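Below is one structure, written out as structure tokens; the observations come after it.
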Amino acid sequence: MKVIEVKHPLVKHKLGLMREADISTKRFRELAKEVGSLLTYEATSDFETEKVTIDGWNGPVEVDQIKGKKVTVVPILRAGLGMMDGVLEHMPSARVSVVGIYRDEETLQPVPYFQKIVSNIDERLALIVDPMLATGGSMIATIDLLKQKGCKQIKVIVLVAAPEGLAALQAAHDDVEVYCASIDQGLNEKGYIIPGLGDAGDKIFGTK
């Protein structure tokens, strides 16, 4: 499984700001979108381009355009919504598929409760977005679902990943690619990433 920890200074700086204990909902939400946007830039760096002739201001001109890439952005509810707009800034025509999965706080197991997937998922690259890859359970369940629907190309974009979650994802789906802003120390006894970001969903939606 390909894992890319993006070490760009802007990514590291913005992620560091997100770790502050007393960060406001507004600021956390803004930064989640910004870091998500920067990670998308990296995750799409292998897109193929082709030469196309267009009408320029002074006549025909040959330009590069992305070669027929169909994409669906897949935010995992609810926290993934906080990163979605940052991805769509770069690909405003991308379709959006939504998967609702929450983690049972006692068993730490993923519990699916909603899905709305584009009909031609088998023709599209899926960019799954979620702030945290902790145990990996929710991500694995989401990828299971997408593959059951016929999806063949999947990339994962997360702000912070735990080594335990990456190992679990590797064991379940070694054909995906993961792009993250940080691989953190690990999980505590409650399954939270340390140092992590806290509860990203609560911070994005102001429900903490």
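Any Cβ shown, glycine's included, is placed from N, Cα and C.
Summarising the annotation, Swiss-Prot assigns 5-phospho-alpha-D-ribose 1-diphosphate binding site to Arg78, Arg103, Asp130, Pro131, Met132, Leu133, Ala134, Thr135, Gly136, Gly137, Ser138, Asp199. When Cβ atoms from all protein chains are considered, those within 10 Å of Gly136 (5-phospho-alpha-D-ribose 1-diphosphate binding site) total 22, not counting its own. According to DSSP, Gly136 (5-phospho-alpha-D-ribose 1-diphosphate binding site) is assigned to coil rather than to any helix or strand.
For Ile193, Gly198, Asp199, Ala200, the entry in Swiss-Prot reads uracil binding site. Taken residue by residue with DSSP, Ile193 (uracil binding site) is part of a strand.
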I'm trying to understand the geometry here, so how far is the Cα atom of Asp199 (uracil binding site) from the Cα atom of Asp130 (5-phospho-alpha-D-ribose 1-diphosphate binding site), in Å to the nearest whole number? 12
Going by a 10 angstroms cut-off between Cβ atoms, which of the binding-site residues Met132, Ala134, Ile193, Ala200 has the sparsest surroundings? Ala200
Minimum Cα separation from Ala134 (5-phospho-alpha-D-ribose 1-diphosphate binding site), reported as the residue among binding-site residues Ile193, Gly198, Ala200 that achieves it: Ile193
Using the alpha carbons only, what distance in Å do you get between Ile193 (uracil binding site) and Asp130 (5-phospho-alpha-D-ribose 1-diphosphate binding site) once rounded? 14
Counting all other Cβ atoms within 10 Å across every protein chain shown, which of the binding-site residues Asp130, Asp199 scores highest? Asp130
